């Protein structure tokens, strides 16, 4: 009998195993989780985020990007915030995370301090939950939807650079690669497209230098910066405008005028620290312009434009390009599902006193 049970378990499809795992780890999550613990926590975090936002708009993409990089690697457990020590290289120091903007980390740290300063709330709210709340709040501050968030996460107990490898989408990914990576985390193609419109998939360890001939320095590039409000280093798409193929130096899916504009902003000998806006139309606004840009051949990365050129995802791009309300709802659903990935419990997590180091 025991052997038969074992065989049945082996026959369970991977998708079902993922669903069962996500259901068990997300069961503890609920809205208003802190109602009887720290009842005003969401307002406290919102005020701290607004203060940071008023100091710099980079707060928006930096915080969103931080959440994405956190959830995609080890689950939503704030492990990306932990600093390296002499005996351990943490997630934040993996090459794919070196360009995570300090403003994202600072947003969470300041919000944590604001929460802990309130009597009864000290060390009662996890860094992981604060990051989720902060991401929701910066989206609203950039003109996007505000939505209720599920809370109840505990902070992770490990953070290693090695765990990052192969767990973040790359700018050269096609639809199959994107779908596979997101599906392994319980996210559908629709979720992936919604998050692609708001998370940049570019990676760089370069510091950003302001470009005098283009609108930049609004957002931080890469896995958790919004495509609708992000920017990228020239080196990450140079192949599309100079060396796409022997017969087509410029990627034929790029709008010709846009390609010329990119070449003017990113000449062959450009400073590698120069970056440009991912959204050439509304770089400081959370909206559905990203999808209209794809329709017009203005997706900056191969991973962007493939969403429109592939017949499986093109209908979704077209729908959201024409209806921001439907896109916003899909985005809220995708963010909620992303927030359920790899949630830690009391058994494998705790609440950190300092978000940047383990207790």
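Backbone N, Cα and C atoms are what each Cβ position is placed from, and that goes for glycine too.
Quick look at what TrEMBL annotates:
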type	residues	note
ACT_SITE	69	active site, proton acceptor
BINDING	70, 73, 75, 77, 79, 91	Ca(2+) 1 binding site
BINDING	227	heme b binding site
DOMAIN	28-359	domain 'Plant heme peroxidase family profile'
SITE	65	site 'Transition state stabilizer'
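Sequence features, as recorded in TrEMBL, placed on the structure.
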{"residue": "65", "record": "site 'Transition state stabilizer'", "CB count, 10 Å": "29"}
{"residue": "69", "record": "active site, proton acceptor", "CB count, 10 Å": "28"}
{"residue": "70", "record": "Ca(2+) 1 binding site", "CB count, 10 Å": "34"}
{"residue": "73", "record": "Ca(2+) 1 binding site", "CB count, 10 Å": "28"}
{"residue": "75", "record": "Ca(2+) 1 binding site", "CB count, 10 Å": "23"}
{"residue": "77", "record": "Ca(2+) 1 binding site", "CB count, 10 Å": "29"}
{"residue": "79", "record": "Ca(2+) 1 binding site", "CB count, 10 Å": "29"}
{"residue": "91", "record": "Ca(2+) 1 binding site", "CB count, 10 Å": "26"}
8 Å Cβ shell about 70, 73, 75, 77, 79, 91 centroid, Ca(2+) 1 site members excluded: 69, 71, 74, 76, 78, 80, 156, 159, 163, 342
Euclidean distance between Cα atoms of residue 65 (site 'Transition state stabilizer') and residue 91 (Ca(2+) 1 binding site), Å: 14
The domain 'Plant heme peroxidase family profile' (28-359) [mean pLDDT, rounded to integer]: 88
Rounded inter-Cα distance in Å - residue 73 (Ca(2+) 1 binding site), residue 65 (site 'Transition state stabilizer'): 12
